[in-house]
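Below is one structure, written out as structure tokens, with a few remarks after it.
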Amino acid sequence: MAPTYNIAMVSDFFYPQPGGVESHIYQLSTKLMDRGHKVIIITHAYEGRTGVRYLTNGLKVYHVPFLVIFRSATFPTVFSFFPIFRNIVLRERIDIVHGHASLSNFCHEAILHARTMGLRTVFTDHSLFGFADAASILTNKLLKFTLSDVDHVICVSHTCKENTVLRASLDPLMVSVIPNAVVAENFKPLSPSENPSYPPPARPLGPHDIITIVVISRLFYNKGTDLLTAAIPRILENHPNTRFIIAGSGPKSIDLEQMIEQNVLQDRVEMLGPIRHEEVRDVMVRGHIYLHPSLTEAFGTVIVEAASCGLYVVCTQVGGIPEVLPSHMTVFAKPEEDDLVAATGRAIASMRANKVRTELFHAQVREMYSWENVAVRTERVYNGICGAISEGEFYGYYEGDNANNSWSATRGRSGVQSFALIDRLKRYYGCGIWAGKLFCLCVIVDYLLFLFLELWFPREVIDVCPDWPRKKRNDLSRE
Amino acid sequence: MAPPSGLHQSAIPSDFEKPFPALVRSSTVPASLKSHRADPSHLAPEDAYTPISPPRQPGLFDTGLDTRPRHIRRNDTSRSRSRRRKRFQKLLWVKQSYPDNYTDQATFLENLQRNPRVQPYDFWPLVADSTVILQHVCSVIIFIVCFVGIFQERVSPVSVVGWGSFATFLGWLLWDWWMTQEDQTGAGESGDMTRSMRDGRIYREYRPPRRQDSLPGPSLHQPLPNNISTASISSTSNLPSAASSTTNLLQYNHRPNPTPHQHHDNTSHNSTAPKLLTPGHSHSRSVSSVHSATSQNSANSPTSTRGPNHDSDPDSLPNTRAYLRVSTIKSAILIYFTLLGLSPILKSLTRSTSSDSIWAMSFWLLAINIFFFDYSGGTPSHISGPHKTKKMPVASLSTNAALMASTVLASRLPSTGQVFSLTLFSIEVFGLFPVFRSYARHRSWRYHFLLTVLLVLGAGGGVGIILGEAPATSWPWKRGLAGMVIGCLISAVAIGGCSWWLIGMQKYKNEIYGPWDPARPIIISRRHWDDD
């Protein structure tokens, strides 16, 4: 019987704010609870959302009051989160702290404090960063600080793994690739009984039937809205019986509107404005092709959702997108106007020729991506860092490997990160000439703070809260 | 579950049920802590100057196949299924028979590029380019020397401003001569442009009128009026009426200068914009509404300096020139008298502030001027193309800082004449001279070199003279000569040393590019709608 853990998911980003990281945390937590673990979520207080909340399935959310500075990221005060974090961790008897999103200050602080307290830590990276601009350099240094002493890192795609390994100078073996998933039940294609006004997708498309191209994205520069603005008039000019549905809002929406007015395309391009995540499926099933012109994307959940809805996907070949879907569901384009137009043309042609069996997509996507699978794979990471599966099995050693080889500065002799302060300082010291010393200073202060808290608020006086009744792990047979 | 009709054999769920094979330790882990090069995913110092992908040892997991396409597509499914372990694929939708933290030697970081776009520097071109900075630093030093001379009453302010104005006048004559030459050679070209643009009218309609990035004509002098007028607004902002009048005057003063270029521009481009922008000197957004109203008037009314030149053909060029000269002289006289009127106010501007604060403040302002100066030298005609040059958003900050520094320094001076002289001199040095310098640089390399030598000699000599003790009875030519020699030496060492240093530091350059970088979209039919 595999052990079960008490896991704390820590991130700045959680419901009620909508978004990809938020739903990732929620879905993963729910599925881990289904597998018999205890999961709590620690995030900062949102407006109208404070204190402790229980979500469906007994998922407990701590909304910690904290100063929010930018796009719901909290103010980075390296130590001020420690007292309440320690309290929560002791109260809930946490074994593993799992932080999400590299722009979340909560996550970084929690990983630092958790290591000081002697807990296992996991970090999940959801985004890609360059190396050139000043903001990236700062973020990367911060990430290096946090990830110098983390037990394992999870990335959502192989590109993301390469990026994170380079940014934080990690051993690639302690970085796992576990993709996002979709709730396939929420992204079903249209059934004929549901809405008779739209033609069911299974019906062969004639040469004069209208093909609808759907675009759902925030209209920002890095989502490729400029490409979209340039490509739409040319696509509509080349293909008479097509139309666009664009959902989403952002600073670039004014460009799209100007393009529509200038080319008099009001009857062929429909702009829906911002839509809620629940409505995404209803918009998607109105179309035949999903166009995703993004310029950078770690995973691209939305193209999986589109494929799950039975849409043929046209997307730019950037970031982790080429890894996400098989090529019979997608047409790839270079991030160039000409190529995007050509790729969309190819997609329209093969839709008209009925070469694409979009009615099979939903079942295939459901096979590829499911949160249960993500939870199983994440559980293996937890087992590996807690020593439930052997070091050799987790990191890939032979038992008879020579002794020199099985020791490295990043991992202790047991295959898991050593908690000794001197070992931790060794790891932080390598971060840079100045940064290394600064980080060591931070770690020492954090440790002193920990000792102080142990004296001032002893563990004995902190109540242990009763657990929500745990689920029996009933799906072991599925593994 | 229907498998995807034989297209992709890899997504078969049975693959995942195989037990994970026992793994050997990947060689990505440093075998010993001493040699960091053993880890190809981390960067080593020698990677900085070897712009190649990291060397790849043959992976331990290689199944003996040489080619590893990323998307493996084989129709012979039975054969591949019989293989005990399939090759690792960098795909997420495939159920891999590898653990999640498996790192494939062959494909890990295969798209990493290091220093793909690095151009190595050459020594002498680098030295030549750095003379631009030297010129500016020297002109700032000359200004400070003149201030110290006036402040210590070694030099008469009249002689400073007299020589300065004389040099400015000479420069203007030279520039005017160049302009005339250029007009004569460029008259035929502009006619061609007119014709070609008539054909390209459809294209022109796509452009918003205020996009002026790709002016074909030399638009070097156009930013000047904006900068100058902004500066005078900021320096005289305690007097709204005076400010507006100054703006007006300066506007008229410098508006004629660009007109020959606008002649090109107006015939070749439909420049309906009242303000002319160039990417080099970004127009200042702090220009008041008074200013913009003025410039609009001057642009649109037919009686203004610019009006009659709109539709002039090459035959009327001599008339235009003469008209321009007259109006330039007129506006010069106007600016002269305005400054004369403002000098008593400037004199008492910072009377309540201690001198130490003024020295510190002017030091920082001049430092800002040097650091934020637009050394790219405007947009010469042969550089500005359809590709967008990177704008420097703080170019006007430099001029404004310098003029503010000169204003606060002038307010230290005791008499109105001195204040007037220094302010006028600062306008000449910081407002007009950079334009002349950058134009001379694009005109001819010889002029540029000559100017650099003169400036270095002047700055060195001036500093040498100033550093002497009490006002000498005779002209301290010895000190001046020593200063010149030392100045030449210092500048040669500085330029050469800095260039050599920069070249030496190139080996530390380590740019990393990969698929995680945001793609740069290539958009051909770009409509210029974005604001920046």
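Cβ atoms here come from the backbone N, Cα and C positions, even for glycine.
Taken from TrEMBL, the feature compositional bias 'Basic and acidic residues' applies to B:65-79 (among others).
According to TrEMBL, the feature compositional bias 'Basic and acidic residues' maps to B:195-213 (among others).
Taken from TrEMBL, the feature compositional bias 'Low complexity' covers B:225-248.
Annotation comment: TrEMBL describes B:28-83 (among others) as region 'Disordered'.
The region 'Disordered' annotation in TrEMBL covers B:185-318 (among others).
Long-range neighbours of the transmembrane segment (B:123-151) within the same chain, counting only residues 6 or more positions beyond its ends whose Cβ lies under 8 Å from a Cβ of the stretch, are 157, 160, 164, 366, 369-370, 373, 375, 377, 402, 406, 409, 412-413, 418, 421-422, 425-426, 429-430, 433-434, 437, 441, 448-449, 451-452, 455-456, 458-459, 462-463, 465-466, 491, 494-496, 498-500, 502-503. Sequence annotations record features per position, and here TrEMBL assigns transmembrane segment to B:123-151 (among others).
TrEMBL lists B:157-175 (among others) with the feature transmembrane segment.
Annotation source TrEMBL lists transmembrane segment at B:322-345 (among others).
What TrEMBL lists as transmembrane segment is B:357-373 (among others).
TrEMBL lists B:419-436 (among others) with the feature transmembrane segment.
What TrEMBL records for B:448-468 (among others) is transmembrane segment. Same-chain neighbours of the transmembrane segment (B:448-468): 131, 134-135, 137-139, 141-142, 145-146, 148-149, 154, 437, 440-441, 476, 479-488, 490-491, counting only residues six or more beyond its ends whose CB sits under 8 Å from a CB of the stretch.
As annotated by TrEMBL, transmembrane segment applies to B:480-503 (among others).
Highest Cβ pair count under 8 Å relative to the transmembrane segment (B:157-175), across stretches B:322-345, B:357-373, B:419-436, B:480-503: B:419-436. The transmembrane segment (B:322-345) shares more Cβ pairs under 8 Å with B:419-436 than with any other stretch in the list B:357-373, B:419-436, B:480-503.
Same-chain residues lying 6 or more positions outside the transmembrane segment (B:419-436) and placing a CB less than 8 Å from one of its CB atoms are 136, 139-140, 142-143, 146-147, 150, 157-158, 160-161, 164-165, 167-168, 171, 175, 220-221, 224, 227-228, 231, 335-336, 339-340, 342-344, 346-347, 369, 373, 378, 399, 402-403, 405-407, 409-411, 413.
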